[in-house]
Amino acid sequence: MGKNNAQTIFSIFALLLLLSSCVSAQLRTGFYQRSCPNVENIVRNAVRQKFQQTFVTAPATLRLFFHDCFVRGCDASIMIASPSERDHPDDMSLAGDGFDTVIKAKQAVERDPNCRNKVSCADILALATREVVVLTGGPSYPVELGRRDGRLSSQASVQNQLPQPGFNLNQLNSMFSRHGLSQTDMIALSGAHTIGFAHCGKFSKRIYNFSPRTRIDPSINSRYALQLRQMCPIRVDPRIAINMDPVSPRTFDNAYFKNLQQGMGLFTSDQVLFTDQRSRSTVNTFANSEGAFRQAFISAITKLGRVGVLTGNAGEIRRDCSRVN
């Protein structure tokens, strides 16, 4: 065999190896079909059990997934105990029930002898997120799996990585586009606020001290602003939280978008989706069609679940979600 032919065959072989490693590194549904075939049912049952104990399970788990993916990617780094991402002010308001949901689901998975040390905390969080969406009346969707758990988690890594309640549309789009998420994805994911809750301090400026000229943000419905003032008086206990969707706070539906049409978005970053002409038509589409919102949400949360993932031999499969192995 000539030298050139041998080199060509070697190059093709190397390319095939590279391609196969790239394919195996991709997330896919049914990733645990052989190693832990019952993983989805195990997680589903554990999440349902936790949800029956407290509704907070749903918004807390959904928010936990978002916060995890936007910092270092979807690698369960948010789960690592202090000192970690959890010490950052943007993460300190994450409800304990979200963490507990993942820990309980992981323990249930580990009890199955077939599944021991095989399923990552990152994948369990992704599955648990789907379950809480379904439990609150939202759409079911296939969850891509195959994530590995990260080994790093620091307070500093959270800085400037999460959207803030006062963001305008440009700031929101800029932050989401960094992760390959479009404006439509961002609006659909914001719709998760339909089951969310927020502490009074996150929006008090809008209802008490908006500007020297006007105390109340003019983009907020005046009757809604007065209701918020009743629920969040000036010297309110900082632990008090209120529903982000005053209409159907326990149902994953498109009421969030209908609320925006009425000036009833809790955060500036919610209401701006309607007040800014560039995003208003999408809000109107989702408000008019539950189906359009559900379809867009499935697409967006699937894309979110791919952000910065560790696959193949990167990272690890954590035995205890709260600490690296």
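Cβ coordinates are placed from backbone N, Cα and C, and glycine is handled just like the others.
TrEMBL annotations:
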type	residues	note
SIGNAL	1-25	signal peptide
DOMAIN	26-325	domain 'Plant heme peroxidase family profile'
DISULFID	CYS36-CYS115	disulfide bond
SITE	ARG63	site 'Transition state stabilizer'
ACT_SITE	HIS67	active site, proton acceptor
BINDING	ASP68, VAL71, GLY73, ASP75, SER77, GLU85	Ca(2+) 1 binding site
DISULFID	CYS69-CYS74	disulfide bond
DISULFID	CYS121-CYS321	disulfide bond
BINDING	PRO163	substrate binding site
BINDING	HIS193	heme b binding site
BINDING	THR194, ASP245, ASP253	Ca(2+) 2 binding site
DISULFID	CYS200-CYS232	disulfide bond
Additional residues surrounding Ca(2+) 2, by Cβ distance to the THR194, ASP245, ASP253 centre under 8 Å: GLY191, HIS193, ILE195, VAL247, SER248, PRO249, THR251, PHE252, ASN254, ALA255, TYR256, ASN259
I need the neighbours of the Ca(2+) 1 site defined by ASP68, VAL71, GLY73, ASP75, SER77, GLU85. Which other residues of that chain put their C-beta within 8 angstroms of the C-beta centroid, in sequence order? HIS67, CYS69, PHE70, ARG72, CYS74, ALA76, ILE78, GLY150, SER153, SER157, GLY308
Pick from ASP75, GLU85, ASP245: which of these binding-site residues has the biggest number of other Cβ atoms within 10 Å of its Cβ? ASP75
Using Cβ atoms only, which residues of the same chain lie under 8 Å from ASP253 (Ca(2+) 2 binding site) while being at least 6 residues apart in sequence? GLY137, GLY138, THR194, GLU290
Could you tell me the C-alpha distance between VAL71 (Ca(2+) 1 binding site) and PRO163 (substrate binding site) in angstrom, no decimals? 11
Using a 10 Å cut-off between Cα atoms, which of these recorded positions sit near the residue listed as 'active site, proton acceptor': CYS36, GLY73, CYS115, HIS193, CYS232, ASP245? GLY73
Pairwise Cα distance for ARG63 (site 'Transition state stabilizer')/ASP245 (Ca(2+) 2 binding site) [Å, integer]: 15
Spatial separation of CYS121 (disulfide bond) from ASP75 (Ca(2+) 1 binding site) - C-alpha basis, Å: 8
Spatially, and counting Cα to Cα, which of the binding-site residues is closest to CYS232 (disulfide bond)? Options: ASP68, GLU85, PRO163, HIS193, ASP245. ASP245
Minimum Cβ neighbour count within 10 Å among the recorded positions CYS36, VAL71, CYS74: which residue? CYS36
Which value does the mean pLDDT take for the domain 'Plant heme peroxidase family profile' (26-325) in this predicted structure? 97
Return the member of GLU85, CYS121, CYS321 nearest to CYS74 (disulfide bond) in space, with distance defined Cα to Cα and candidates limited to these recorded positions. CYS121
Could you check which of these recorded positions, CYS69, GLU85, CYS200, CYS321, sit within 10 Å of the residue listed as 'heme b binding site', going Cα to Cα? none
Counting other CB atoms within 10 A of each CB, which of the disulfide-bonded residues CYS115, CYS121, CYS200, CYS232 comes out lowest? CYS115
